[in-house]
Amino acid sequence: MKDYIKIDEWKIIEEGFDPHLNKISESIFSLGNGRMGGRANFEEAYSGDTLQGNYVAGVYYPDKTRVGWWKNGYPEYFAKVLNAANWVGIDIAIDGEQLDLAKCKVDSFYRELNMQEGYLKRTFTATLPSGKQVSVEAIRFCSMADDETGAIRYTITPLNFDGEATITPYIDGDVMNKDANYDEKFWDEISKQAWENGGYVQLRTKKTGFEVATGMMIAVSQDGKTLNPELKPVEKEKYIAQKFNVKLIANTPLNIYKYAANVSSQNHEAKDLPQIAKATIQRVFDKGFDQMLQEQAAAWAEKWKHNDIIIEGDASAQQGIRFNIFQLNQTYTGEDARLNIGPKGFTGEKYGGSTYWDTEAYCVPFYLATAPQKVTRNLLYYRYKQLDKAIENAKLLGFKDGAALYPMVTMDGTECHNEWEITFEEIHRNGAIAFAIFNYVRYTGDHDFLAEFGWEVLIAIARFWSQRVNWSEDRQQYVMLGVTGPNEYENNINNNWYTSTMATWCMDYALTVAEYIKSTHPQRFQELAEKVNYREQEESQKFREIIEKMYYPYDEKRQIFLQQDGYLDKEQILVKDLPASDRPINQKWSWDRILRSCFIKQADVLQGIYFFEDNYDIDTIRRNFDFYEPRTVHESSLSPCVHAILAAKLGDEARAYEFYLRTSRLDLDDYNNDTEDGCHITSMAGTWMSVVEGFGGMRVRDNKLWFNPFLPAKWQSFSFHVGFRGALLNIKVSKAGVQISNQTSTEVSVVVYDQEGLIKGNDTVTFDVK
Ligand code: BGC
């Protein structure tokens with residue numbers, strides 16, 4: 001764990017330069033706008049330890065799988081989001097000496113991520129080996145208002161000399177993914193060109209054929225006056241620069257403005273990309289840096305209006321939650337149904353930038369409450385569009401008749417994961433996709449979605465489960481063998497309670513929805529039944545029989561759901577009795593030792609209890625929580641939030657708060673010692689859930705929002721926004737009461753501590769705090 005980020009409610013601040021922390025900071029201070037983004041690499045050259053990363057959403061490469069022992073059914077490729085052209089670079093040489101913080105004496109250094117207005121600022125004073133001292137201020141952002149663009153203002157001031165600077169702003173597409181399986185480069189150059197004060201490079205990805213044109217335009221001023229230095233184009237493979245010399249005058253700031261655009265063949269005709277890049281940059285160039293920055297602040301103000309969480313009395317918690325919300329908004333805006341939320345967003349390469357069950361299980365609740373309805377609809381539609389591939393994937397593994405197995409990891413619908421215990425066995429992901437449909441309809445009331453798209457997905461998933469179980473003669477029940485639950489520290493287990501519970505729930509829900517469509521949209525039902533070849537009588541009977549005769553492991557003595565058959569044969573040790581030097585076990589123990597131990601990576605039985613909470617009485621929830629949590633090492637960032645919510649439900653405020661702290665500052669404090677690879681974007685939605693569903697106790701039941709809040713002891717108050725069925729509510733919990741303000745004219749009914757109240761348009765109602 002680290003403790004170097006300065007506390008501020010709206011800013012992430014690093015003071016002083018420690019090269020050992022640089023890669024962590026590059027992740028934390030990342031920028032994005034849903035369409036493009038990148039790590040907080042320096043503009044000027046840096047020869048120290050760095051992970052260079054710029055990414056364009058949806059642009060990926062299918063890297064050939066690399067495994068030790070090939071197994072039939074493995075995917076051929078692992079699609080990964082590509083490290084794309086670097087548009088931020090500006091090389092600076094002063095009287096022939098390169099500015100490189102790894103080679104200078106860094107006299108002062110300050111880095112700030114301004115979350116309120118959405119920009120990254122860095123200032124430093126450095127002494128070059130020659131003794132020349134400069135101060136620099138660099139401000140940069142990826143525009144939220146114009147999402148194919150970004151801009152930089154780089155100001156350099158010589159402090160103790162006059163001299164000559166050679167400045168080279170560039171676009172460099174000769175980049176590599178650190179995680180490339182065969183050390184290959186994934187881009188080919190298509191074209192490049194320099195024009196008066198700009199230039200672009202157009203690249204095409206190998207195999208996938210995505211084309212991206214990345215371009216820049218430059219403006220220079222000194223002491224407030226525009227300069228027109230002579231620009232000399234420099235061209236290399238996949239690289240273009242405009243080099244110029246300027247006289248530096250002591251204590252006189254020189255501003256270099258770099259306007260950039262990333263335009264891709266996903267959104268434009270490939271052949272037009274050069275002109276579009278040029279026109280796009282010209283547009284923002286004409287607008288100018290200050291106006292772009294103002295528009296950026298306005299776009300962020302609009303976002304914060306809908307999703308800010310305010311915590312009074314705990315600046316560290318405030319900073320933590322805002323950082324999570326900020327990064328989620330930078331990663332996914334919901335504008336484009338082809339995009340999704342990679343576990344690292346634009347902050348690193350790990351996990352390939354692909355879609356996991358994280359989206360449905362963790363991110364959907366966040367976007368449901370904080371973004372327009374279409375944003376979540378787009379996330380669900382993304383999976384609908386990939387249904388054919390999920391059916392193909394299941395077929396490849398031996399399933400039939402329209403059964404679908406969605407991939408564990410994907411970019412375009414094809415499976416990309418290639419560890420058998422996950423690819424073939426971690427099939428519970430199918431359940432999360434069905435659950436997200438249920439969750440969306442429960443939250444929005446958009447039942448039409450079911451008839452339009454949802455049921456097709458549900459029936460295909462239900463078919464998969466009906467074929468994945470088998471009848472046990474011995475038990476006279478259906479069983480599900482050879483699975484991996486959410487707890488990846490157990491593989492190839494039989495009858496994982498969570499997976500089996502999800503499976504029968506999916507079958508039941510698919511049947512319920514079928515009945516609903518049949519009665520409300522009979523003609524559509526007919527069409528759908530024909531389209532998917534639904535053998536209503538036979539299939540519904542089969543589903544019902546499985547639902548009725550499914551086996552779920554249970555321990556009578558402890559009265560708990562058993563994670564899987566045989567779990568209690570394991571030596572039962574508690575995490576608190578593990579020596580600190582053994583943790584995290586995934587870094588300290590052999591895999592074999594982990595598999596034989598009782599330790600649980602992340603919520604498994606408790607994940608199921610979280611999803612289906614209303615099916616269980618409070619004592620059942622408590623018994624399971626008290627048994628499983630002490631055996632859970634929380635070595636997935638997705639774990640603490642589910643525990644925070646359940647602890648809150650159980651009235652264990654102190655533990656709920658403890659779990660919240662682990663999730664909220666996970667990256668800021670580098671809790672798991674892995675932030676340098678990128679931030680844990682999907683678990684950030686879990687942090688939001690910990691506040692809203694945990695401390696706020698928010699649930700949706702009977703088309704209403706229910707709240708059961710408590711105020712963490714350290715806080716004076718907390719408040720959050722949720723959008724619900726056309727209304728925008730602000731819920732503030734303080735010692736004075738639970739105050740709900742309706743910021744729209746649409747009235748809504750809420751239930752607070754089981755007491756129902758109508759919140760009229762633009763009205764505020766206060767309930768007593770329990
Ligand atoms: C977790 C998975 C998760 C993945 C990506 C793994 O460590 O165990 O549940 O889907 O990370 O976030």
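Any Cβ shown, glycine's included, is placed from N, Cα and C.
From a predicted model like this one, the values you see are computed outputs, not experimental measurements.
Pulled from TrEMBL, these are the features on record:
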- 13-265: domain 'Glycoside hydrolase family 65 N-terminal' (DOMAIN)
- 322-689: domain 'Glycoside hydrolase family 65 central catalytic' (DOMAIN)
- Trp357, Asp358, Lys601, Gln602: substrate binding site (BINDING)
- Glu488: active site, proton donor (ACT_SITE)
- 698-756: domain 'Glycoside hydrolase family 65 C-terminal' (DOMAIN)
Of Trp357, Asp358, Gln602, i.e. the binding-site residues, those within 10 Å of the residue listed as 'active site, proton donor' when Cα atoms are compared = Gln602
CB neighbours within 10 A of Asp358 (substrate binding site), counting all protein chains shown, number 25
On the DSSP side of things, how many residues of the domain 'Glycoside hydrolase family 65 C-terminal' (698-756) fall into helix, strand and coil, could you say?
-> 0 helix, 36 strand, 23 coil
Across the listed substrate-binding residues, Trp357, Asp358, Lys601, Gln602, what is the farthest Cα to Cα distance, given in whole Å?
-> 16
Any idea what DSSP makes of Lys601 (substrate binding site), helix, strand or coil?
-> coil
Starting from the Cβ centroid of Trp357, Asp358, Lys601, Gln602, the recorded substrate site, name every other residue in that chain with its Cβ within 8 Å, sequence order please.
-> Tyr356, Ala361, Pro486, Glu488, Ser636, Leu638, Ser639
Glu488 (active site, proton donor) has how many other Cβ neighbours within 10 Å of its own Cβ?
-> 21
Using all protein chains in view, find how many other C-beta atoms are within 10 Å of the C-beta of Gln602 (substrate binding site).
-> 24
Cβ neighbour count within 10 Å of Trp357 (substrate binding site) = 23
Long-range same-chain neighbours of Lys601 (substrate binding site), Cβ under 8 Å, sequence gap at least 6?
-> Pro486, Asn487, Glu488, Tyr489, Asn586, Thr632, Val633, His634, Glu635, Ser636, Ser639
